[in-house]
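J.: Dumping the structure here so I can ask a few things about it.
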Amino acid sequence: MVDTHGQPLKLGYKASAEQFAPGKLADFAVQAEEQGLDSVWISDHFQPWRHVDGHAPSALVWLPWVAAKTSRVQLGTSVLTPTLRYNPAVIAQAFATLGCLAPGRAILGIGTGEALNETAVGVTFPETRERFARLREAVRLIKQLWSEERVTFEGEYYNLHDATVYDRPEQPVPIYVAAGGPGVTKYAGRAGDGYICTSGKGMDLYSETLLPALREGLEASGRTEGQIDRTIEIKLSFDEDPAQALENTRFWAPLSLTAEQKSSVHDPIEMARLADELPIEQVAKRWIVSSDPTEVAAAVQGYVDAGFTHLVFHAPGQDQSRFLTQFSADVVPLLRP
């Protein structure tokens, strides 16, 4: 299968960092490479969506560990916030190092953040306008550190004085910008090497709002769609047992809360309480829930037809090894005939 612009379709695996301990999560990443997938992605939460049975390993530590255990897959954050609890200069240094250790494989996926991960460490969580402004400034700062020898930077939020990132990879680390609305999506088209969004919000959002906004940004920067990787995290609960496929979505009920709740609630205990009030039918709406490989492939095709070039699959169940085995055997051949 190729995308609508003739590019080979990439298939990736989203490591469920809020659900599994880091060692087990790394084993799943290794299996994803062994099963022939192209990329592995991890979020960078300080706190999980759920307090009970939740996990939140550091992406900055986990990614180099997985890089050492794999040899081929691209490794990225989906996503990391480089603007609040981190100084963007530290992120520039960390991902330059990762790019040296895993040449051509590292991806810095970034977003504007969630209160869940910032408030707990004493960081004031700003309004959307400021978070977006911080993100734009951080990208400028990171790119300067990656391209210039000595950087003095005077911004509204960040400052550098004679700063140098001494270890930089020969192949620059691409920056992917995550967005769920047209404003930041347009910015991704102007400034990003890639774009990230998530599935399950109605196909019209992607075909009529987000991807057109991305194209506007690309046109403003003098680029074409073929010059940006259009990535979507596809929420897929696939299991041979239909009842199990449905039940597996329950752990990830917080994803079905409103955007305002997900961005503003700072306590995993409260997040889980709100999520557990949702009926399973509402939770499952964010997911492709199926035991039929053909049905899955047909649902996924809609995102390819819309214009996405990189499909990253996030499975909600506890048995991730089972998912990877079944998905690779039954679904991938339909996506890569």
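For all residues, glycine too, the Cβ spot is worked out from N, Cα and C.
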J.: Quick check on the annotation: Swiss-Prot has Thr81, Thr112, Gly113, Asn117, Gly180, Gly181, Gly183, Val184 binding coenzyme F420-(gamma-Glu)n, so which of Asp38, Asp44, Asp229 does it put in that site too?
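T.: For coenzyme F420-(gamma-Glu)n, Swiss-Prot names Thr81, Thr112, Gly113, Asn117, Gly180, Gly181, Gly183, Val184; of Asp38, Asp44, Asp229, the listed one is Asp44.
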J.: Using the Cβ center of Thr198, Lys201, Lys262, Arg286 as the substrate site position, which other residues in that chain lie within 8 Å, going by their Cβ?
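T.: Everything else in range on the chain: Gly180, Ser199, Gly200, Lys235, Leu255, Ser256, Ala259.
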J.: Around the Cβ of Glu114 (active site, proton acceptor), how many other Cβ atoms lie within 10 Å? Please give the count over every shown protein chain.
T.: 24
J.: How many angstrom lie between the most widely spaced Cα atoms of the coenzyme F420-(gamma-Glu)n binders Asp44, Thr81, Thr112, Gly113, Asn117, Gly180, Gly181, Gly183, Val184?
T.: 23
J.: May I ask which of the recorded positions His45, Glu114, Asn117, Gly181, Val184 is closest to Thr198 (substrate binding site) if we compare their C-alpha atoms?
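T.: Closest candidate to Thr198 (substrate binding site), judged by Cα separation, is Gly181.
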J.: Does DSSP put Glu114 (active site, proton acceptor) in a helix, in a strand, or in coil?
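T.: Where Glu114 (active site, proton acceptor) sits, the three-state DSSP reduction gives coil.
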